[in-house]
Amino acid sequence: MTSKTTSISAADRERLIEAAIQAKQFAYSPYSKFRVGAAFLTTTGEIVKGANIENASYGGTICAERTAIVKAVSEGIKSFVALAVVTDVKAALSPCGLCRQVIREFCSLKMPIFLAPADYFERKANAKEDGDDGVKERTLEELLPDSFGPEDLELPRS
Ligand SMILES: [Zn+2]
C-alpha cells in the first residue's frame, strides 16, 4: 500500500500524477469551486486527461474521472493500467461512488489508482527525507469491493 510498491514504473506514476495536476487547471467548477483533475494511463503508454465540468443544472455535472474515461472510450481506447486523481485539498481524495462504478466497467479490479494531494510537488521534494510524497495507492477493488460488473450480466439466470 505504500508508494514504493506500485504496479507501474516510478516514471509512469510520476508522469501520470503530473498529468492529473495539469488536467485540473481546465476544471469548470464555478458552483462547487472544487477542482479535480484525473488522468488514465493506457496500455499503449498514452495518457488521457479529464477535469470536472459542472453545469448550472447540477445533475449535468461530470466528474474528472468520467470526463477522462469517456474521452478515451469515445476515441476507441478501452484498456487502462492506472488512474491518478488530484484535487485542491491537501488530503488524498478518492473518486465518488458513481465514478468508481464507471471505472469498473473498463478497468481491472487490480488496477492501481493514485490519489495525490494538492501539494504533491512540495511533498515530493520533501520526500527525499521521509520517503512520503503524500500519494495514496489503492486498487479499484479496494475502492469498490463486491462490485457489479459487465461479467455479471453473463451469469445464468433461473
Ligand atoms: Zn465522480
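Keep in mind that glycine also has a Cβ here, set from the backbone N, Cα and C atoms.
In TrEMBL this protein carries:
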DOMAIN    11-151  domain 'CMP/dCMP-type deaminase'
BINDING   N52, I53, E54, N55, A56, S57, Y58  substrate binding site
BINDING   C63, C96, C99  Zn(2+) binding site
ACT_SITE  E65  active site, proton donor
REGION    127-158  region 'Disordered'
COMPBIAS  127-141  compositional bias 'Basic and acidic residues'
COMPBIAS  149-158  compositional bias 'Acidic residues'
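A map of TrEMBL features onto the structure.
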{"residue": "N52", "record": "substrate binding site", "contacts (Cβ under 8 Å, 6+ apart)": "A27, Y28, S29, S32, F34, R35, V36, T61, I62, C63, A64, T67"}
{"residue": "I53", "record": "substrate binding site", "contacts (Cβ under 8 Å, 6+ apart)": "A27, Y28, T61, I62, T67"}
{"residue": "E54", "record": "substrate binding site", "contacts (Cβ under 8 Å, 6+ apart)": "Y28, S29, P30, Y31, S32, T61"}
{"residue": "A56", "record": "substrate binding site", "contacts (Cβ under 8 Å, 6+ apart)": "Y31"}
{"residue": "S57", "record": "substrate binding site", "contacts (Cβ under 8 Å, 6+ apart)": "none"}
{"residue": "Y58", "record": "substrate binding site", "contacts (Cβ under 8 Å, 6+ apart)": "Y31"}
{"residue": "E65", "record": "active site, proton donor", "contacts (Cβ under 8 Å, 6+ apart)": "V36, A38, G50, L83, V85, P95, C99, V102, I103"}
{"residue": "C96", "record": "Zn(2+) binding site", "contacts (Cβ under 8 Å, 6+ apart)": "C63"}
Exercise. Judged by the number of other CB atoms within 10 angstroms, which among C63, C99 is the least packed of the binding-site residues?
Worked result: C63
Problem set entry | Helix, strand and coil totals (DSSP H, G, I; E, B; other) for the region 'Disordered' (127-158) | 13 helix, 4 strand, 15 coil
For this session: Please go through the binding-site residues I53, E54, A56, C96 one by one and keep those whose C-beta falls under 6 A from any atom of ligand 1; give the result in sequence order.
Result: C96
Seminar exercise, completed: For C99 (Zn(2+) binding site), the three-state DSSP class is helix
For this session: Express the predicted model's confidence over the domain 'CMP/dCMP-type deaminase' (11-151) as a mean pLDDT, rounded to an integer.
Result: 97
Problem set entry | Chain-internal residues near N55 (substrate binding site), provided their CB is under 8 angstroms and they sit 6+ positions away | T61
Problem set entry | Check: same-chain CB within 8 A of substrate site center, minus N52, I53, E54, N55, A56, S57, Y58 | Y28, Y31, G59, G60, T61, I62
Exercise. Excluding C63, C96, C99, which residues of the same chain place their Cβ within 8 Å of the centroid of the Cβ atoms of the recorded Zn(2+) site?
Worked result: A64, E65, R66, P95, G97, L98, R100, V102
